[in-house]
Amino acid sequence: MPSNNFKFFLTWWLTQQVTGLAVPFMLDMAPNAFDDQYEGCVEDMEKKAPQLLQEDFNMNEELKLEWEKAEIKWKEIKNCMSYPAGFHDFHGTALVAYTGNIHRSLNEATREFKINPGNFHYKAFHYYLTRALQLLSDQGCRSVYRGTNVRFRYTGKGSVRFGHFASSSLNRSVATSSPFFNGQGTLFIIKTCLGAHIKHCSYYTHEEEVLIPGYEVFHKVKTQSVERYIQISLDSPKRKKSNFNCFYSGSTQAANVSSLGSRESCVSLFLVVLLGLLVQQLTLAEP
C-alpha cells in the first residue's frame, strides 16, 4: 500500500511540473511569462486592440469594472501633465487601472501565461500597458525600491526578470511601508532603464511609482539577509528579445509562437489529468 509520504511527494512533484516552478516564488527568467514587446506591429495592434478589449470585457467582468472606474479617474487627471507623441486615452486608462485592484490577477495571468494561454483575458490591457511604458520611458536609468511580503529565492546563477509588470517606488520609505512590506519578505533595490515614472497616471500619487515591464532582464543579482527579510539588488538591466512578439496581431510569427504555446498547454493539461488519476488510484488502493 502506498504510504502517505509517497502520496504527498508524488502530488508535490506533479504539481511542480504543471506550474513550472521548482520552488515557490523563485526569482528566475520566468519562462512561462507572456513577454510580448510588440516590436514591428504597433500600428496593427492600435487597430486591433479596441476589439480585443471588448472581447476581454465579455470574458472578464473584473477587468471591465476596473477599466470603467479608471476611465473616470483618467478624465479627471489627464490634463495634469504633458505626454509624448502617440500616447492616448487608452494608455492612460490602462495605467490608472493597473494602480487599482486589477494588477494582482493581471500579473498572475501574465507570469503563468504558457500554462493556459487560452484563458488570458488581458490581451488589450497588456498591450496598452506595455506600449504606455515604452512611450513614457525616457531611456534614463534610475534606482527604485520594491517591497513585498513574499520571500523570494535565487539560485545564485543566471540573469533574472520579473515576468510581469512590477511596481516600485522612487521612495524607499514607501516601498518598506505597509501594506507592501511587513519586514519579513523581500526588499528589492533595482536599477531600471525601462521602467516609467507613472505618478501622474495613478490613483496614489504619493507612492512615486515606477512601473517596470516584465521583459526587462537584470544580469547582476546580489542577495543578502537583513534582519528578518531578504534584500535583493538587481543591476545591469538589459532589454532582450522576448519569447513572444506580436502574438495577437495575426502575424505569421505570432502563429508560430501560438502553436508552441498550445503544445505546452496540452502537456500541462495532461499532467493535471495524470495527477488526478494517480491520486484517485492511490486513494482507492487504501484498505
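Every residue, even glycine, has its Cβ placed from backbone N, Cα and C.
Each of Cys141, Cys246 is a candidate, yet Swiss-Prot gives the disulfide link of Cys193 to Cys141. For Cys41, the disulfide partner named by Swiss-Prot among Cys246, Cys266 is Cys246. Other residues of the chain with a Cβ within 8 Å of the Cβ centroid of Tyr98, Arg146, Ser202, the NAD(+) site, are Thr99, His103, Phe165, Ser167, Ser168, Ile198, Glu207, Glu209, Val210, Leu211. Of all the recorded positions listed here (Cys80, Tyr98, Arg146, Cys193), it is Cys80 whose C-beta has the fewest other C-beta atoms within 10 angstroms. Taking Asn171 (N-linked glycosylation site) as the reference point, the recorded positions whose C-alpha atoms are within 10 Å of its C-alpha, out of Tyr98, Ser202, Glu209, are Glu209.
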